[in-house]
Amino acid sequence: MSTAGKVIKCKAAVLWEQKKPFSIEEVEVAPPKAHEVRIKMVAAGICRSDDHVVSGTLVAPLPVIAGHEAAGIVESIGEGVTTVRPGDKVIPLFIPQCGKCSVCKHPEGNLCLKNLSMPRGTMQDGTSRFTCRGKPIHHFLGTSTFSQYTVVDEISVAKIDAASPLEKVCLVGCGFSTGYGSAVKVAKVTQGSTCAVFGLGGVGLSVIMGCKAAGAARIIGVDINKDKFAKAKEVGATECVNPQDYKKPIQEVLTEMSNGGVDFSFEVIGRLDTMVAALSCCQEAYGVSVIVGVPPDSQNLSMNPMLLLSGRTWKGAIFGGFKSKDSVPKLVADFMAKKFALDPLITHVLPFEKINEGFDLLRSGKSIRTILTF
């Protein structure tokens, strides 16, 4: 029996208040309006940014259905939708690509002007498709993937290879692409170069994969948790260092290790002190440092501008600089062609109802990526 055009009742993980567990609730998901797509979720990853919403580090309106890294199957489409059809395998896009704004038309930019910022908590038209206990529930980044069904705008979804395993390629929706693109697209890592990667979680490991794919000769992983070193080396790090093993600042250690500074450095933690350390450890005349980790909302950085005057470049990007709707299908095709692996990033698979266990694994440092299956 077709559910198209009807309200669907399903389970979703609702966050009612900060610093509290998610609550599995029955929610009502309205049908898609014009230029919207309703998706049956198959798999969703747990990303650190979702946890930042729980902790309040990132401010989102509550109650909210979080989640932004996922894959599913189109259940129904609204009027005027042309890029996907019911039955298509898709990945929701937390950065949309309208194709019409000044950013979408620019060859480099990817932060589409239709981007649904966290404080909005709605669809593009300013309303919600979720109801629970008679109340509207906020959306998250236009995706809200911690629900058995979600509704997204057409500019926020990409059709992918029909043969792709959704429980793996869901990582292309955020973590993998963010890291990999930071190396190959944002930093533009060069053959034979030396790279330093601060933070060896799922995104940091994806940066390492990107550095390796770009032909870096030396890739130094940096983390205070030495349990992460083996996995980092498995995906391409040539060596790993723990800042706690040294009396001097880590930027000095790395500068000495690399005979004057690394060519490329990446901060994949979201801490202000490590952002400056990553910038400082790259070669003063031509080094490039990329901010990948999401910093706390309300903090400002103080640094010495001489670090830049000498010739360093400091960059940042969201979603690895990739234009989402164009790039996600290509990245999935590359995965299917075995150009990179996603298995090393997946440490746990849990049923969606055990979402709080998945977040506990993330917070305790026991997981790289936990995939929730629906």
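Using the three backbone atoms N, Cα and C, a Cβ is placed for every residue, glycine included.
Feature annotation from Swiss-Prot assigns Zn(2+) 1 binding site to Cys47, His68, Cys174. The feature Zn(2+) 2 binding site is assigned by Swiss-Prot to Cys98, Cys101, Cys104, Cys112. The NAD(+) binding site annotation in Swiss-Prot covers Gly199, Leu200, Gly201, Gly202, Val203, Gly204, Asp223, Lys228, Val292, Gly293, Val294, Arg369. According to Swiss-Prot, the feature N-acetylserine maps to Ser2.
Around the residue listed as 'N-acetylserine', the C-beta neighbours below 8 angstroms that are at least 6 residues distant in the chain are Ser76. Neighbours of the Zn(2+) 1 site: apart from Cys47, His68, Cys174, residues of the same chain with C-beta atoms within 8 angstroms of the site's C-beta centroid are Gly45, Ser49, Asp50, Gly67, Glu69, Phe94, Leu141, Thr143, Thr145, Gly173, Gly175. Counting every protein chain shown, 32 other Cβ atoms lie within 10 Å of the Cβ of Val203 (NAD(+) binding site).
When Cα-Cα distances from His68 (Zn(2+) 1 binding site) are compared across the binding-site residues Cys101, Cys104, Gly199, Asp223, Val294, the shortest belongs to Val294.
Classification of Cys104 (Zn(2+) 2 binding site) by DSSP places it within a helix. When the binding-site residues Cys98, Cys101, Cys112, Val292 are scored by other C-beta atoms within 10 Å, Val292 scores highest. You'll find the Cα of Cys101 (Zn(2+) 2 binding site) roughly 25 Å from the Cα of Val294 (NAD(+) binding site). Compute the center of the Cβ atoms of Cys98, Cys101, Cys104, Cys112, which mark the site for Zn(2+) 2; besides them, the chain residues with Cβ within 8 Å of that center are Pro96, Gln97, Gly99, Lys100, Ser102, Val103, Lys105, Leu113, Lys114, Ile155. Shown are the binding-site residues Gly199, Gly201; of these, the residue with the fewest other Cβ atoms within 10 Å is Gly201.
Straight-line distance linking the Cα atoms of Gly201 (NAD(+) binding site) and Cys174 (Zn(2+) 1 binding site), rounded to a whole number, equals 13 Å. In terms of Cα spacing, the binding-site residues Cys47, Cys98, Cys104 that come within 10 Å of Val203 (NAD(+) binding site) are Cys47. You'll find the Cα of Val294 (NAD(+) binding site) roughly 11 Å from the Cα of Cys47 (Zn(2+) 1 binding site).
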